Amino acid sequence: MEIFPDFLRTEVLHPLFVHFPIALLLVATLFKIAGLWPKGKFLDLPASILLFLGTLGGWMAIYTGNLADGIVSRNLCDPTVLKTHENTAYTMIWLFTSALILDVVYQAGILNFKSSIARGLLIILLLIGSGYVGFVGHSGASLVYEQAAGVNIPSANCDEFN
């Protein structure tokens, strides 16, 4: 039984790149919210770093998802779920990318605008993006658990495990 070569299938790369950005982006959102209070100011820089790393990882997840799309879409019973997953993933990553750009502009003082407006808009983008994370994850789980997208299905008698 060759486990390692089978593990490097293109459609398996996507789940490897998905889960860290989810955690990083959600924690960045929590840290940015906590940073609104005076005792939470120390979380602002770590939140910005997590937002950067999570957004970068999110774009890697988009890339690997596009690679997997061509393989798993051929075997799906309902390809509209895949299209929904893809479209909402793009919306989600653009929300976080916009939040990252706004955060960099705000942190660097590039534009003169009221900080409360910038921080409020940043939090709104992060919260909406976090909501999209849940929806994208739900549609992705639906692809895997309901339609076996990217899943290696063993034979009826499981001979490959003996």
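Glycine too: its Cβ is placed from the backbone N, Cα and C atoms.
Per TrEMBL, the features are:
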DOMAIN    13-151  domain 'DUF2231'
TRANSMEM  16-37  transmembrane segment
TRANSMEM  49-68  transmembrane segment
TRANSMEM  88-105  transmembrane segment
TRANSMEM  117-135  transmembrane segment
Secondary structure tally of the domain 'DUF2231' (13-151) (DSSP, helix then strand then coil):
123 helix, 0 strand, 16 coil
At a C-beta cut-off of under 8 Å, are there same-chain residues at least 6 beyond the transmembrane segment (16-37) that contact it? List them, or none.
43-44, 46-48, 50-51, 53-58, 60-61, 63-65, 96, 119, 122-123, 126-127, 129-130, 133, 137, 140
